[in-house]
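Let me begin by presenting the structure, written as structure tokens, before commenting on it.
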Ligand SMILES: [Zn+2]
């Protein structure tokens, strides 16, 4: 006999034989499994970080349910690829001057708008930039240590999050010299635009793999786009940076690929259907990476740069289809105080904002990818959220992710796991290939980037997301 069933807690005590209860058995098994988890204190041979742009906790929950429903389950019980990782924590998401912004892959806190520079600069003023104010990125540390590096993004290669790994700019929007000319608040001639910094990147032997969009920033304005003859480049300096990059890296190849949308862009438009489907795509990319790497050697970290003002709730019945209007546990339509229906998804602001009274949703296709989920405050673009985001990890150093931390801690864990900077080398041993002592491990003979890493990256570009 069931004597206690708090619907929101899974606290079921059976007066009979609770040991036969599946929920109870699952709990016992998880304790046994978790007791076997030991921190992996090896030095990582390689590291991959997946940044789901705008993939806050509610987005992860929605993706978990949607992914489960796509597999024919009710959804809530589903487990995403990174939710199987043994280590996780929460990262705060604020910049020095604003809430809900990023400073993920570099060691110093900085301002919104600023890419790869510390808090001594003033955003958008070139005169405040100087080399001693540059923040070092994990990618540059890896290049200096002789590692092979790369980044993959469905956004422009010069967009803020990828740019943080190689560029230093007081304004994230200075992606080409034309952008800089248009928006700089002072004489910005001594500051290089982000595309130029990418082309001239000089740490180590340069970035090995770049899969991303945004070639207009790299092409001059008389150059015709190879794919769209009606489009031209943007640069004023007459330079063809793609050609220059290829010339500098003799064995490189320039290829292009078209990609789908992004979590962040979906949310900004209140297109929850697109945003959540992209988070499900990211789940597939992470599964693939897990399959293709050895967790004894590769640190995989999955996180987000920030969240969104996106929420999910309203007591839908178990298995309520993710995007439809809410049905309650008894199967009846849930109604608000005016007798109107609603979805379990909602935004605090954005284009789906209400003008006058909230329309009823009977007969509206809320599962359409272009359906704008309702929002409270009307705004031209939905905003980022301020709450923490999850960080999920497995592999060497992953155990350092626990508790609540500042966002740049993600950099420090990767730095420690790979044993790169001198401050970390006091407490870790460098990988043997990078000058450390000891015997190489078996899989060490696979050169990086090997074909399999490239395949992961190629796979990722069609699926993943960035900030
Ligand atoms: Zn955004």
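The backbone N, Cα and C atoms fix where each Cβ goes, and this holds for glycine too.
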Residue among 173, 203, 384 sharing the Zn(2+) site, where TrEMBL lists 53, 264, 268, 305, 306 as binders: 384
TrEMBL annotation (transmembrane segment) - matching range among 422-441, 442-461: 442-461
Cβ under 6 Å from ligand 1: qualifying binding-site residues of 159, 264, 305, 306: 264
Rounded to the nearest Å - Cα separation of residue 268 (Zn(2+) binding site) and residue 159 (Mg(2+) binding site): 16
C-alpha spacing of residue 161 (Mg(2+) binding site) relative to residue 53 (Zn(2+) binding site), in angstrom: 9
Cβ-based isolation winner (fewest other Cβ atoms within 10 Å) among the binding-site residues 53, 159, 305: 159
Cα distance (Å, whole number) from residue 161 (Mg(2+) binding site) to residue 306 (Zn(2+) binding site): 11
